[in-house]
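K.L.:
Before I ask anything, here is the structure I am working with.
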Amino acid sequence: MEGVFLKMSVVGVSPMIPVGPSSFICAIGGSVEEKSTAASLPRWVSLRRLRPLEFLRIGGKREEKGTVRDDDAVLLERRDRNRNENDNGNWVLKILEVGSIWKGKRQRSGGGGGGEEDEEEEVAEPKKKEDLCEECDFCRIDDDDEDEEKEKTVFEFSEMLSKIPVEDAQMFAKLSFLGNLAYSIPKIKPENLLKYQKLRFVTSSIEKRMSLKVEENNNGEEDEEKKKLINPAVAYRIAASAASRLFSHSKSVLPFGSSKRQDNEEASLLATADSVTAVVAAKEEVKQAVADDLKSNRSPPCEWFVCDDDKSGTRFFFIQGSDSLASWQANLLFEPVPFEDLDVLVHRGIYEAAKGIYEQMLPEVHAHLNSRGKNRAFLRFSGHSLGGSLSLLVNLMLLIRGQVPASSLLPVITFGSPCIMCGGDRLLQKLGLPKSHLLGISMHRDIVPRAFSCNYPNRAAKLLKALNGNFRNHPCLNNQNVLYSPMGKLLILQPSERFSPPHPLLPPGSGLYLLASKNTDETEKSLRAAKILFFNSPHPLEILSDRRSYGSEGKIKRNHDMSSYLKALRHVIRKELKQMKAERDQWLRKFFIINILFSGRDSLKLITRFVASRSSQLVIIFFLPIRLLIMSVYSVVFHHSQAHFSFFK
């Protein structure tokens, strides 16, 4: 990147294309296409007794067994093949579209929008850091932790990994399948959902709008005109160039990889990259207008649907990820604001979107509690990407606002969702909830969970603080160089090597792991350092600087798409079941041989005693072990059958 100059004009690109530096975006939220202690027992026996995720069950009972069927309510693979690239969430084009809208709003508001001087006039005297985040370990990483992070080896990281039992992985696969359906709600067939998944379809956000006779704000022709102004090839080129430039200035924070050289013409495209800057530096009235739009029923940021498990009394709420323009506006409005008037900071855009979805889902929550009773009604929230973050916030809002008792809220399970809170673990502790109340499943190289929890370069942090006063006293940014800290339990999913290269911190081969440690101060610090190490390897800037990350077959889509999570989980389940069967057969063979040896010796002694006494005429065969008799008969029959078949060949 030596010799790169920032030009104020763009070569070969129409000036009508407003774009944004994707290095700050990190592809937030789009759907773009405990170890066993019974060593003496075989794994197929011990896994039935050891349940590191037993808290997932309802009332201590296990859910109905069964693997995920391939012929479920909707054929996912067919949907993925037939989905148009414009419909599956082209995140770069969405960012460009958002940038143009925000830029227009800033111009209509009558200001250039948000330099440091303007922001100082608008923002009142900032609250002290202690007011929003008291002295605690939840949002602070001291120098010792940084040294520990640097010195942590692959072996130490692997010591904190525990494989998830197969039956729990099957439940995650079932939820991932249902989360995949959230992207094709109109195609859901209730009869198939009931037949294959034993779930009764209740309602969806689409049906809600139809029942309320609210017309969808569908400006198809206008959107087409906007899309014609944006060339996808140029968009990907701009994103790669912007990320590469920032990547070259941030090599110190990247544990792997190296920077790539870019030419001057390509670097000049960064001059028009202001989408994220337009959002961060926008005036408060513009942000509030967008926040009001996110809360409205007319243009919801994400679709969702509801289904019931009548056997367990559980109502499932599934929310899709970023698949609309409104959802991308929620993603880019990432400044921190207080959550529910508590001393915890949250992503503003996602919080505003959660308020609207909360109001839409509240009647369905009350209806389920009234029909089943509070002691027998349970609620499960889940979602992919942005939908997972919305599920978490709606779940916590129901508890904080006193609408649902804590006993009715099952753990929230997210797939590829970003971290959106600063001090989230402390909030769970205050609410009396365990960390296992949030189970975040992350693909080993998914960029979205890393987006807000990776180490931000000092240049990026200074820029955010200069553009927006809310970042100047942000505890996570000041203490950890991250926007939002991880919370809850982290589960890492590694697919097969044919699907994606393995992660250097994980064992070879596919698997689903829980990153956990014992509940002590020292191990908690080590756990936080391990999470930071994982979220920075690979660093999002390294992913964005690779041109192979973009497009319908790029790394970003492949490692983040909801169908990828489902395929990886199914592969892990098949692999574990096959390995368990092999271990069980081997254990039975050893048991059979040992039984023959000990029983055969006793039989021989008994035969000798009877023959010596001449008391009776006995057939020796009755003194042989019954297992040996069965196996002998089977071998004889099998031998003759083989000879019979070979005779006809």
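In case you wondered, yes, glycine gets a Cβ from its N, Cα and C as well.
Since this is a predicted model, take the numbers as computed values, not measurements.
Annotated transit peptide per Swiss-Prot: 1-26, in sequence order. The region 'Disordered' feature in Swiss-Prot is assigned to 104-128. The motif 'GXSXG' annotation in Swiss-Prot covers 383-387. Marked as active site, acyl-ester intermediate by Swiss-Prot on the basis of similarity to another entry: Ser385. If you look up Swiss-Prot, you'll see Asp446, His560 marked as active site, charge relay system, on the strength of similarity to another entry.
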K.L.:
To the nearest whole angstrom, what is the C-alpha distance linking Asp446 (active site, charge relay system) and His560 (active site, charge relay system)?
P.N.:
5
K.L.:
Cα of His560 (active site, charge relay system) to Cα of the residue listed as 'active site, acyl-ester intermediate': how many Å, rounded?
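P.N.:
Distance (Cα to Cα, whole Å): 8 Å.
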K.L.:
Starting from the Cβ of His560 (active site, charge relay system), draw a 10 Å sphere and report how many other Cβ atoms land inside it.
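P.N.:
Neighbour count, Cβ to Cβ under the 10 Å cut-off: 30.
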K.L.:
Within the motif 'GXSXG' (383-387), count helix residues (DSSP H, G, I), strand residues (E, B) and coil residues, in that order.
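P.N.:
Helix (H, G, I), strand (E, B), coil: 2 helix, 2 strand, 1 coil.
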K.L.:
Taking all residues of the motif 'GXSXG' (383-387) together, what is their mean pLDDT?
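P.N.:
Average per-residue pLDDT within the motif 'GXSXG' (383-387): 94.
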K.L.:
Highest Cβ count within 10 Å among the active-site residues Ser385, Asp446: which residue is it?
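P.N.:
Most Cβ neighbours within 10 Å: Ser385.
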K.L.:
Tell me whether Asp446 (active site, charge relay system) sits in a helix, a strand or coil according to DSSP.
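P.N.:
The residue in question, Asp446 (active site, charge relay system), is coil (DSSP, three-state).
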